[in-house]
Each structure stands twice: as structure tokens, then as C-alpha cells.
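What follows is a short report on a single structure.
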Amino acid sequence: MNSFFGTPAASWCLLESDVSSAPDKEAGRERRALSVQQRGGPAWSGSLEWSRQSAGDRRRLGLSRQTAKSSWSRSRDRTCCCRRAWWILVPAADRARRERFIMNEKWDTNSSENWHPIWNVNDTKHHLYSDINITYVNYYLHQPQVAAIFIISYFLIFFLCMMGNTVVCFIVMRNKHMHTVTNLFILNLAISDLLVGIFCMPITLLDNIIAGWPFGNTMCKISGLVQGISVAASVFTLVAIAVDRFQCVVYPFKPKLTIKTAFVIIMIIWVLAITIMSPSAVMLHVQEEKYYRVRLNSQNKTSPVYWCREDWPNQEMRKIYTTVLFANIYLAPLSLIVIMYGRIGISLFRAAVPHTGRKNQEQWHVVSRKKQKIIKMLLIVALLFILSWLPLWTLMMLSDYADLSPNELQIINIYIYPFAHWLAFGNSSVNPIIYGFFNENFRRGFQEAFQLQLCQKRAKPMEAYALKAKSHVLINTSNQLVQESTFQNPHGETLLYRKSAEKPQQELVMEELKETTNSSEI
């Protein structure tokens with residue numbers, strides 16, 4: 001990330017046309033330089049020597065303090081132009097001596113006895129005289145205002161993630177009647193999102209506002225592994241929820257998943273997450289950056305820069321692994337979620353309810369509103385997943401495959417990557433809101449867990465589940481009886497009985513929709 005700040009020390013841009021070459025002016029400058037040396041000071045002492053020059057001397061140099069300052073501010077984004085401004089300010093005689101010295105001597109970059117003017121270019125400190133291109137970066141990568149925006153933004157999603165997912169876990173584990181297949185998937189989603197909040201958000205924020213890796217090699221591997229596993233488990237759980245909802249709505253007559261099967265699927269999710277992220281943990285190492293040092297304070301105290309990064313044998317292997325992660329953690333889950341929710345939406349749209357009778361008309365309007373609400377919810381779920389993770393994966397693919405300029409990479413790493421991470425982690429903050437608090441059963445479980453009373457007393461959840469189970473049995477029995485009578489009377493009454501058989505099946509579909517709406521299956 002910080003490898004795009006520096007430029008080779010040999011690429012200095014000299015501008016001598018602004019300095020007068022008249023013999024009297026050269027002699028005058030040499031006399032001033034000699035008088036300064038006789039007083040015990042250096043031939044050039046930066047801004048102090050500039051202040052000692054008379055106004056006439058500054059006019060003869062063709063520069064004034066204001067002109068030089070404005071020239072510096074206009075060109076501070078280009079290192080070459082910044083050094084050009086420095087060479088303008090150096091007296092000609094002293095500049096010539098230093099040019100000869102640079103050609104004949106090698107300066108020690110860590111020696112305090114040598115003369116090392118340091119200039120701030122994009123918050124980066126450069127040693128102008130150095131045979132080794134060492135770039136000095138500030139410990140904090142951003143101004144305090146920008147860092148405050150990052151901290152507040154990350155703290156907001158961290159707070160929502162921790163509070164929301166903790167409440168979801170508490171509700172599901174506290175109420176035994178909520179131990180259903182879908183709720184177990186939601187519980188697993190909340191656990192993985194909690195891991196994202198604990199291990200991903202603080203470390204990513206720290207990495208985005210300071211230079212280097214402040215922890216050791218063990219923490220580098222553990223944090224990288226846990227971050228990858230938690231993100232992968234969260235995405236895989238979203239796919240499991242989509243498949244479970246798809247089976248309940250599109251194929252309501254097929255056997256549903258059992259609690260035991262749900263536990264097996266959850267174990268498979270975590271095993272897959274560990275397997276796909278293990279190569280990253282193996283390749284993660286803390287490495288010292290040879291050409292960069294961190295400037296810790298205003299007294300020019302510095303320290304080495306360490307990075308926690310993947311050390312692949314070659315760039316092609318890194319590209320292959322990035323592509324595998326992109327396909328398995330974003331592209332394939334996204335395709336499955338869109339396909340499953342698309343099929344659910346089509347099934348809801350095609351579901352028919354009898355239109356005859358005033359009661360049926362009212363039922364139709366109620367069902368129509370429920371269908372619209374459910375379809376909107378499915379669209380929101382799919383769009384949030386797409387928009388949350390697309391920027392981060394796009395940046396990761398661009399970093400590995402696109403031929404970006406150093407300036408583009410610098411902007412991406414310092415400003416765009418923090419926003420992309422924030423957007424991706426925000427998905428873990430909104431998941432408990434979408435999958436938990438938007439359904440009636442979780443609100444009821446929240447009320448029971450914290451013993452809250454509403455104005456209207458509601459039936460106990462166990463009784464509600466029992467009534468739903470009885471209604472399912474009655475609907476299935478009536479459906480089978482009607483189908484049997486249809487086969488026994490294949491002539492004139494077939495159409496009548498076929499219409500009769502259609503109603504229980506549609507009622508069953510709408511009952512499934514109602515149940516999934518209330519128990520997070522839609």
C-alpha cells in the first residue's frame with residue numbers, strides 16, 4: 001500500500017534557468033556563503049538562511065517568499081517538481097559543491113552526522129541525498145479529520161453488528177420453540193457475523209489508519225485465518241437459508257430438512273470455510289519493508305515498517321487463488337441466491353387464489369399484499385448482498401489483474417479500500433435486521449426473552465405452532481381425498497373436483513408463505 005509513495009532518488013529534476021548566472025551575482029552569493037561558513041554555520045541552512053538574505057538578493061534570484069510558497073503548494077503532488085523547488089532555493093556556489101560531493105561520496109541514510117533535508121510529499125518523507133531509496137512515511141496515514149470519519153463509520157457498523165447479532169443469538173438459544181431449521185441457520189449466520197465484527201472490523205480499521213502491522217507473526221496468521229473463515233461462513237450460510245426457503249415454497253410437498261440435517265449442513269459450512277481459507281493462512285507472514293521507515297514523532301524518530309501479507313512464490317499463484325476465492329465466496333453464492341429467490345418470486349407471482357365471493361376477494365387482496373411484501377424482501381436481500389461485496393471483490397481483482405498506475409493504486413489503497421471494506425462488513429450489520437427483526441416470530445421471541453408486555457395479548461408460540469401443524473395435516477388429508485375422488489370420477493365431475501383440489505393446494509402454498517414469513521423462511 002505504501003510502495004507507491006516514493007520515487008528513485010536519482011530522478012531529481014534540476015531547474016537552473018531561474019538562477020541568474022551573472023559573474024557579479026555569483027560572486028556575491030559565494031561571498032555570502034563564505035561569510036556564513038566563517039561564522040560557523042553551514043553554507044545553506046534552509047529557511048533560516050533564506051530569512052538572512054536581503055530583499056534585493058531575493059529579487060536577483062527571481063523569487064520571493066510568496067512566489068516560492070505558491071510554487072511549492074501547486075506542485076507538491078509531483079515529487080520531481082517539489083525537488084525542483086528545493087534546487088531553486090539553494091545558492092549556486094553551494095549547489096555546485098554539493099553536486100560534486102554527491103558524485104564522489106555515498107551518504108549513509110541512517111547517519112545523524114550527515115545533512116539530510118526532509119521534504120513532505122503526500123505525507124511521505126524523502127531523503128534527498130541517499131544511495132538507498134528509503135522513503136519515510138508518517139505513522140498515521142490520514143489527517144485527523146479523515147481518520148475521525150473512518151473511526152466513526154467503523155464504530156457504527158461494529159456497534160450494530162455486535163448488538164443485533166448478540167440479540168439474535170440470545171433469542172434463538174433462549175426459546176426452545178424457536179429451534180427450527182431456518183432459525184438454526186440464522187443463528188449460525190449471527191455467530192459468523194459476530195466473528196466478522198470482532199476480528200475483521202477493528203483490525204481492518206487499524207490497518208487503514210496507521211502504517212504497518214503492529215502485531216506479531218502469530219497474530220497475523222490467526223487474524224487472517226479467522227477473518228477469512230468468518231466471511232466465508234457468513235456467505236455460505238446465506239446460501240443455505242436461500243436453499244431452505246426455496247424448498248419450502250417452491251416444493252412444499254417434499255420432505256423438509258430436519259434439525260439433525262441442519263446441524264450437518266452447518267458443520268459442512270464451517271469445514272468448507274476453513275478449507276478454502278487455509279492457503280491464505282499458510283502464506284501470511286510478517287515481513288519488514290526494506291525501503292520504508294515509519295516516522296514516529298516530530299523529532300524524526302523512526303522505526304522499521306512491517307507488513308502482514310501473503311508471500312506467494314510467484315504472482316500467478318496469487319492470481320489463481322484470488323480467482324478461486326472470487327468464484328467460491330462471491331460469484332457462486334451470488335448466482336445461487338439470485339436463482340433461488342428468483343424462483344421463489346415467480347412461484348409467489350403465479351400463485352392463484354379463487355376470485356369468486358366477497359370473502360375470497362378480501363382474501364385475494366390480503367394475499368396479494370403479502371406477496372408484494374415478500375417479493376420486495378427477496379429483492380432487498382439479493383441487492384444488499386450484491387452491493388455489499390461487489391466493490392471489495394472488484395478492487396481485489398483489479399489489484400491483481402489490472403495494470404494500474406502508481407497514483408491510481410495509491411488512491412485505491414488509501415481511500416477506496418477502506419470504504420469497500422466498510423460496505424462489505426456492513427452486510428454483517430444488516431443481516432440480523434433483515435433475517436431477524438423483520439419477522440414476527442423473532443419479535444415475539446424478543447418480547448418473551450425480556451418479558452415485555454404489549455397492549456394486546458398474543459397467543460403462545462407453542463399453541464400457534466400446534467395450530468399450524470394441525471392445519472397442515474387437515475390440508476394434506478383433504479388434498480389426498482379430493483385427488484382420490486378425481487380418479488374415481490373421471491367424467492363430467494372431473495373439472496369440478498380439479499377446481500376443488502386446486503384450492504387446498506393453493507391454501508397450503510399460502511400457509512407455507514405465511515409460515516415462512518413469520519418464521520424467517522421468507
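From the backbone N, Cα and C atoms, a Cβ is placed for every residue, glycine too.
With respect to the membrane, V146 and S399 are annotated on the same face, judging by the topological domain names in Swiss-Prot.
Candidates considered were C80, C81, C82, C308; Swiss-Prot assigns the disulfide partner of C220 as C308. Per Swiss-Prot, the residue from the list N110, N518 bearing the note N-linked glycosylation site is N110.
Looking at N122, N476, Swiss-Prot tags one of them with N-linked glycosylation site, and that residue is N122.
Among N133, N427, the residue that Swiss-Prot annotates as N-linked glycosylation site is N133. The two recorded residues, N133 (N-linked glycosylation site) and C308 (disulfide bond), show a Cα separation of 22 Å. Rounded to a whole number, the distance between the Cα atoms of N300 (N-linked glycosylation site) and C308 (disulfide bond) is 25 Å.
N300 (N-linked glycosylation site) falls within neither a helix nor a strand when secondary structure is assigned with DSSP, and so counts as coil.
The DSSP breakdown of the topological domain 'Cytoplasmic' (169-184) into helical (H, G, I), extended (E, B) and coil residues amounts to 13 helix, 0 strand, 3 coil. When DSSP labels each residue, the topological domain 'Extracellular' (399-413) comes out as 11 helix, 0 strand, 4 coil, counted as helix, strand and coil in that order.
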